[in-house]
C-alpha cells in the first residue's frame, strides 16, 4: 500500500540529476565548449571562463531539485507511516499503511481516513451502515451512506468469524471511476453483487460510526484516488520553450558566422599568409586546411557568448527572487488561518502573467460550503435584509436579531429582521406553520450530548440551515424515532406521528412528510423547487403565488437558493386507503418505483402555499469582484465541479459568471449521437482552434455523463482465510477494456471546444477528477493559451497537475491540492493579485531582462566578428581577457538582475484599476521571435558603431606629443569602455521604469567596479608580479588622458542610443501600447488632482438588484433513499450516537455571518 512520489534516492541523485541537467541543450553545449577550451591549439580564452559559470548553474539547479525531492520524501513518509489496525492471526495489530496488502482485513474507527480501497464487511451501525465524508474525492462535505452485505455484516466484530472468512471476489481492475464499481463476492458457493455502495475508497473519512471492518481490494497506486491523481509532469514556461527554439537558431547563427570566418581565414592564408611567415612561422605539420579547421573551433569559443551560460543563472535567480516576493506579500496573507501565500515552484513565475483560461473547482474554492438562512417569504410578506457591510452602515434596521429568549437557540445563527421574530411572538398561524414545516420535513438526525446542546447531523448543509432557522424561531427539532418526530413549539413539547416520508429524487425535486398531530389531524408538508410546487397548488393560492413569485425573483436576483413550502390537510378515510396502497406498492416485487411515484403524484395535489425560503451558499470573500476583475483582463473562467447541475448553476449566478441576459445552453446527453447533434464543422485535421467572435453572450453547462463514459476491465481476486493470506499471493488478472466517449471523443472534442470557447462562461458539473484533467488537456492541446487550475481538494489534484499552472487553496478539504500545486494561498480572492500584480510584473521583468541580455551579448560578441576582417581571421579577441571573463559575471550581471527583480511599469493599485494591462502577456507581446529578431538587428547596428567609430577615429590620430594613439590595447580599452557605458548606463536608463536605491547602487556600482578593476589590472604592480596574465600595462592611464579618446567614446555612445530613442518615441506616438495609453491617462489624472484637489468620496449607493426570471431548483446535495433509512425500525437506537465532529470544528454546522472585506490596495 506504499505510495511513492519522489524521484531520487541517496545513490541515484547525482547520476540521475546530472543526466537530467545535461539533457538540456544549453548545458550540454557548454560542457562541449569547456572540453574545446582545454585543447591548447584552438583555445583563445581561458577554460575557467566557462567552467565556473557551468559549475554554478549545475550546483544551483541540483540543490533546488534535491530540496524539492526531500520534501516529496517527507510527504511520502508521513502518509506511509500512518497507523491502522489490521487483523493478523486472529488479533488486531497496529500496522503502517505501507504494509497493508490486498486481502487484509482492517478495522476503522470514527474520524479515521480510509487507507486503501475496501469492501465493507461489517459496522457498528444498524443495517451495517457506515457514514463517510468524501471531500477528498469529489469535494462534497455532506455525508454519504455505505452499507455492507448481509452475509458479511452478520460477522460483526467477532474476530474468529472474521479470521475464518473465506470467499472469492471478482471485480473490475484498477480504474479511475469514483462512482462505479462492479464485482461479485462468492461465499459458500453463493454469489452476492457488489456495487459502489459497498466500497470504501481511499481518501474518505469515516464519520459518525464507532467501528467498521473492511477487506482491502486495491492498495497503493491501484486505488481509485491514486488512479485519479494523474502523473506529475515537468512544467516549462512558454518563454522557456521559446528560448529553446531561439538557442537552436543562435546555434545555427553561430555556426554560420564561424563558417564565414573559416572561409575568410583560408582565403587570407592563401593570399596574405606567406608574407607573415618570416616573423610568425607556421607550426610544423599545420597546413592551410588544418589551420582553417582550428580557426573554426577557435571562433566557436570566441563567439560563444551569443548564448552565455550566465543567462540561465540569471533567469533562475530572477525567478527565485520573484517567488520570494510572492511569499512575502502581506496582502496575500490570511490571518484567520495564519496562512501566507507560497510559491512552491520557482520556475513558472512569468507564466502567471500570460494566463488565458482558469479552471476552478467550486466547493471550497469559490464557496465556503456553509449555508445560511438569509430571507424568507411567509404568506406574501417578505422577511430578511441584506447582510453586506456597506448596507449595514446606512440602514439601522439591519441589527442582528437577539435570540436569548430561546434557550435552545443556536448562538451562531444570524438573522437581520426583527419583524419576523415579532410576527412569531404574536402567534401568527401562517408563520408558525411555515417553521413547523421546516422542523418536520427533513431527514436530519439530532444529537444532544449535553442537556440543551443540540447538534444536527444533516445530509446536506442546506437542510442544516433550514432546520436551524426553525430552531431559532421557536420550533426546535429535538428527536425522532422511526414512527415519530418530537418538536418544541414555542416552548411546548409536541410529538408528531410520522406516517410516511415521500422521499426526494432528482426527478421529483421535492420532499414530503405526512404526520399526525396529538389532536389527530393529519397533514402533508412539502418543500421543493418552486416550479414543481406551483404545478401542484390549489387554485385558491393564485394571488399568494404571484406575490411569492415576486419575492422568489428578488431572491434569485441576489443569487440565493430558493425553495417553496406548501401543506395539505388530509382526511382520515382518504389516508387509510392511501396508506394501504402505499404498503402494497412499497412491498411490490416488480415496478415498485413506478407504483410509488403514482401514489406520490396522487397525494401531492391541491397544496396550500405557505411561502418560500432563501438560503445563501456563502461565497468566499471577494469572489464576485475577483471574477469581474479577471474577466476584464480577458481571462476566461471555467468551473469544473463534482456537484450537481442545480448547485453549480446557482453558484454561477451568485458569482455573476452567469447573468440573466445570457443565453444558457445545457448539455445533459447520454449518448454520443445526442452530444454531437447539431455539430456541423469538422476539425479533425486542425491542430488549433482559433478564437471566434460571436454576437451576444452565451453560457454553457455540461455534465460529466455528456463528457465521457468509461466501461472498465474486469478483475478476479481470490479471498482466502486471513491466516493463509500472508503466505500466498492472491488472485489472477483477466480483463477486457473498452471506452466509449461522448463529447470528449476525437470526433466531438473539437466541436465541444469550439462551442465552449464561444461562450463567456462554461460550467462542467458532475465531473470526475480525471474528467477535469481531460478538459484541461483538451484546451492545452488545441488552444495556444496558458491555463491555470485552482482547487482545494484531492479531487482537484489531477486538474492542477494537468494545467500549465496549478494553484492550491488550503481550505476545508485537506492539503492534497496544496502539496501538488505550484502556488498556494488561503482565499480565492488572492488569485487576482497573484495574476494581475505578481504575474504581470514577473512577465514584464523577464521579457525586459531577456531583451536586454540578448542585446548586450550580441553587441559584445559581434564586435569580434567585425574585428576578424582586420586581424587576418586569426580568432584574436578584441577585448582584454579579464574583461571577457568578468563581462557577464560581474560588470553587467547585477544591474540587469535589479531590472529583472524590481522594475514596475505601473504599481499594484494601477494594475487593479486597469486589468486590461494584463492582455499583452496573453498575446505574448513583449518577447517573441519578432522581438528577438528586432533585438538582433539593433545589436548588429550597435556592434558596427562600437567597432568602426573608434577604429576610424583613432586610425590616424596622434597624441599631443606627436606619438600614435592607435595601438591594439588602446583600441580595445576604448571599445570595451564604450560598450560598458552603452549597455550599463544608457540602455538601462531607457529600460528602467521604477527606480529604487538597489537599482541605482547596482548600476553605478557596475561602472565604478569596471573602472576600478580596469585601472588595477592595467597597473604596473600586477604586471611585474604576473607578467603574462596582465599585459595591458599603463593602457588605462595613458589612453584616458587623451581628449580625443573621450570624444570618440562620447560619439560612439551617442550614435548607439539615438536611433533607439527615436524609434521608441515614434512608436509611442503612432502605435502606442495599452501601457502607454494608461500612462498618458495616469499623468492627466495626476495633473487634474494637483489642480483641483482630491475628489470627495462618492456617496453610498446600494448595488442595483438583478431582475431575475430564473429561480433556483431544488439544489440540495441529497441522495435518494434517506427517507427509507430514517423510517427504518433498525436505523435508530436508544443509546446516544457519537458526534460527527466537535461543534467548533464542523464546516457544516457553523452558521456565522459572512463578513465581507473589500479589497483595497494601499
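Cβ atoms are placed via backbone N, Cα and C, with glycine included.
Computed from a predicted structure; not experimentally measured.
Noted in TrEMBL for the protein shown:
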type	residues	note
ACT_SITE	361	active site, 4-aspartylphosphate intermediate
BINDING	361, 363, 792, 796	Mg(2+) binding site
DOMAIN	818-1073	domain 'P-type ATPase C-terminal'
TRANSMEM	21-39	transmembrane segment
TRANSMEM	45-63	transmembrane segment
TRANSMEM	245-268	transmembrane segment
TRANSMEM	288-313	transmembrane segment
TRANSMEM	849-870	transmembrane segment
TRANSMEM	882-902	transmembrane segment
TRANSMEM	932-951	transmembrane segment
TRANSMEM	971-989	transmembrane segment
TRANSMEM	1001-1026	transmembrane segment
TRANSMEM	1046-1066	transmembrane segment
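Using a cut-off of 8 Å between Cβ atoms, the transmembrane segment (245-268) and the transmembrane segment (45-63) share fewer than three residue pairs, counting only pairs 6 or more apart in sequence.
Rounded to a whole number, the C-alpha distance linking residue 361 (active site, 4-aspartylphosphate intermediate) with residue 792 (Mg(2+) binding site) is 8 angstrom. Of all Cβ atoms in the protein chains displayed, 30 besides its own lie within 10 Å of the Cβ of residue 363 (Mg(2+) binding site). With a 10 A radius on its CB, residue 796 (Mg(2+) binding site) counts 35 other CB atoms from all the protein chains. Between the transmembrane segment (21-39) and the stretches 45-63, 849-870, 932-951, 971-989, 1046-1066, the greatest number of Cβ pairs separated by less than 8 Å involves 45-63.
Across the domain 'P-type ATPase C-terminal' (818-1073), mean pLDDT in this model comes to 85. Residues 852, 855-856, 859-860, 863, 878-880, 883, 891-892, 895-896, 899, 942, 946-947, 950-951, 954, 1003, 1006-1007, 1010, 1014, 1018, 1032, 1035-1036, 1039-1040, 1045, 1048-1049, 1052-1053, 1056-1057, 1060 of the same chain lie 6 or more positions beyond the ends of the transmembrane segment (971-989) yet place their CB under 8 Å from a CB of it. Around residue 792 (Mg(2+) binding site), taking its Cβ as the centre, 31 other Cβ atoms fall within 10 Å, counting all chains.
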